[in-house]
Amino acid sequence: MAPRCWHWWRWSAWSGLRPSPSRSTPTPGFCQKFSTQEKTPQICVVGSGPAGFYTAQHLLKHHTHAHVDIYEKQLVPFGLVRFGVAPDHPEVKNVINTFTQTARSDRCAFQGNVVVGRDVSVPELREAYHAVVLSYGAEDHQPLGIPGEELPGVVSARAFVGWYNGLPENQELAPDLSCDTAVILGQGNVALDVARILLTPPEHLEKTDITEAALGALRQSRVKTVWIVGRRGPLQVAFTIKELREMIQLPGTRPILDPSDFLGLQDRIKDVPRPRRRLTELLLRTATEKPGVEEAARQALASRAWGLRFFRSPQQVLPTPDGQRVAGIRLAVTSLEGVGESTRAVPTGDVEDLPCGLLLSSVGYKSRPIDPSVPFDPKLGVIPNTEGRVVNVPGLYCSGWVKRGPTGVITTTMTDSFLTSQALLEDLKAGLLPSGPRPGYVAIQALLSNRGVRPVSFSDWEKLDAEEVSRGQGTGKPREKLVDRREMLRLLGH
């Protein structure tokens, strides 16, 4: 049900008056001229990861009077840039500098520690703002859907990444690293991140922002071999060449690739797009060419190894004899049917058991519904939308992974978010959003206060940021992340 003040606005009018779909990329120099009644739009963005900040950035840049409030359930901003990017990839986190400039704008406000859907509903936000953009990402992981995945020792890659990156809800994970073999199901960049962190000499991580608890556990790790398993073949891997090259060059490790997995690929890659061709050529060289003298010597001294297993689909998690934890994974051997993007893996009838003491599932993230009033496609794991406009809910938009699914890199999300914000500005200019003033955060602040919720501001975050940087200086780290919500609130005097 739409809020009371929206009853006058029929969907038929929305769909009939809505501008034609915008171009597939933001127009260079895109700028809008707005009438007097449109000069102070109050806009709400839910989520402070890349999608949320890029949406806010574009809105503020292209509407000189818009005010944007960014709501975030965590106490701290930046989403997966803080909690998802690997600690040994600090250059990727430089985008935080841009987001900080956006948050410091006098027309932007960060409201952390607010759970939309619990502390405040989406209909309440829609009553308070001219437009609401949902940019809350994909915080769940795809289940394996096989027997035994509930066994101790089976961990989602998402939780493992959150553990070493300081996500508060993952700090009790305590992964058991006392085994010698780990298996990762999935062959995307997250899988390679996890494998790299497991195998990187701990001294190489000491000057990163990995949490001290995770670093301590990795120092005690006995994991020597990591298998990265995929249902399809080398031509279908989802990781990129940068991450593969890092694995091949990882100190103290050697790759294990089966040359038979690459038979006939040399001829088949001639017509594939250049990025895929370069990636496959690197795999081919690593699997089939004899290493040079220097590389052979390096590999001979390696105490750890990693390997790619292709054409294997998980069937069952195998328990220890006492049934108390994981002992291995049963894999169905597959073959490929179809061509191009429609290629799919089908079981051949053969199976093999791969022993391991740690099993990490990296088969994808998924979004969750945020509020009963918001349409959600559980199969696709996205909010149904047309170019960011939520279907049948005027004034409600979405951007990022909850809009298109959990794919792409940060620049993909940037383009996607710019398109959503451009659609919103077009609708505002066309008179399709509510006219007249809206209270914005003033109304929401009163609701939150009555419900005992104390938001965290961006200046509060900057105090926490300074504390983290200070704690890291003693050990030569860029920061030592605060991982306890209660400690963070205590430091802020909440």
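Cβ from N, Cα, C; glycine included.
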If Swiss-Prot says Ala51, Glu72, Leu80, Trp401, Gly408, Val409, Ile410 bind FAD, which of Val116, Val363, Val374, Val442 does it name for the same site?
Val116
With a 10 Å radius around each C-beta, find which of these binding-site residues (Ala51, Leu80, Val190, Val409, Ile410) has the fewest other C-beta atoms nearby.
Val409
Cβ contacts of Gln187 (NADP(+) binding site) (under 8 Å, same chain, 6 or more positions away):
Ile228, Val229, Gly230, Val237, Ala238, Phe239, Leu308
So if I draw a 10 Å sphere around the Cβ of Trp401 (FAD binding site), how many other Cβ atoms end up inside it?
29
Residue pair Leu80 (FAD binding site), Val190 (NADP(+) binding site) - Cα distance, angstrom, rounded:
12
Sequence-distant neighbours of Gly408 (FAD binding site) in its chain (C-beta under 8 A, six or more apart)
Asp416
